[in-house]
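The N-linked glycosylation site annotation in TrEMBL covers Arg154. The feature site 'Required for activity' is assigned by TrEMBL to Arg154, Arg161.
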Amino acid sequence: MAGYNLEAIEAAPLKEDVDIVIPTIRSLDFLEQWRPFLKHYHLIIVQDGDPSINIRVPEGYDYELYNRNDINRILGPRANCISYKDGGCRCFGFMVSKKKYIYTIDDDCFVAKDPSGKEINVIAQHIKNLETPSTPHYFNTLYDPFRDGTDFVRGYPFSLREGVPTAISHGLWLNIPDYDAPTQLVKPRERNIRYVDAVMTIPKGVLYPMCGMNLAFNRELIGPAMYFGLMGEGQPISRYDDMWAGWAAKVVCDHLGFGVKTGLPYVWHSKASNPFVNLKKEHKGLHWQEEMVPFFQNLRLSKESDTAAKCYLELSKMTKEKLTEVDPYFEKLADAMVAWIEAWEELNPAVDGKDVKAK
């Protein structure tokens, strides 16, 4: 089994095929450290909060900057589907991008180093993950068989070794863990110092908690389902925007025959958010997730839903039917999901027209 040449990716970083989406409320000085790795790429910056605040972007970067006024102007009456004062505002960047791949990163994440001391090129590793197949139907005990120096183990069916297209590459973080508020309060000094040199496919039918701070995906395969749900100011919940997108997108990937990988690459997560503030934002979600996760585990999409956009519209109906009994908020979320797809299709008619169908 031929491995994928990481050096070739580093030499040809697919700069015409990748957009970097960054949600922020502050000047982006953190990009100075990222310059060796991100300078080749186009940035889409989504400014959250007060649009009158000037966001400084270091010189030399090619970028677009959108604030709330821009979102309102571009989306009109559908602008309310984009979260305000929540990291979920980043999905507006997913919508306006025209590239095949999206990499999204939080502004408190910096370049990490591997155990040898070498700085990690996150784009190169994410592209490697996305451009090689996933294996969701049978677990390989040596993890990703498409990495250099490994392969499928004895007993792995040859009929499954071709794998499926990879739609999502979920990267991890060193230093500050991605914990919920109760765990933060119990373990305020805990740091993630374990660098695990592994990439694995999440099996079909298995959900996972997706973190948006170091994430890449194939926009053409799964873009319409990568909606970071309606949260933040004016909503009863926050900090679950990426969770919602992860659950929904995984169900859609399973239905359409795409894969999701998790593991490498790592970033250095520099700042712990306030656990008491987080508890106020999360407390409803901490209860609701006990209903939301079984909802996603048990739902089945119809054969007629053969594109990511169609899957998401069907999912919006199920959300309204099944989760509104948990809280009336979910009816509002379901309506926002529909508005999201309508706005996506209006801005991306050509992309939606070639949306990959289920096999």
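Each Cβ is built from the backbone N, Cα and C atoms, and glycine gets one as well.
Comparing Cβ neighbour counts within 10 Å across the recorded positions Arg154, Arg161, the minimum falls on Arg154. Put simply, Arg161 (site 'Required for activity') is 12 Å from the residue listed as 'N-linked glycosylation site' when counted between their Cα atoms.
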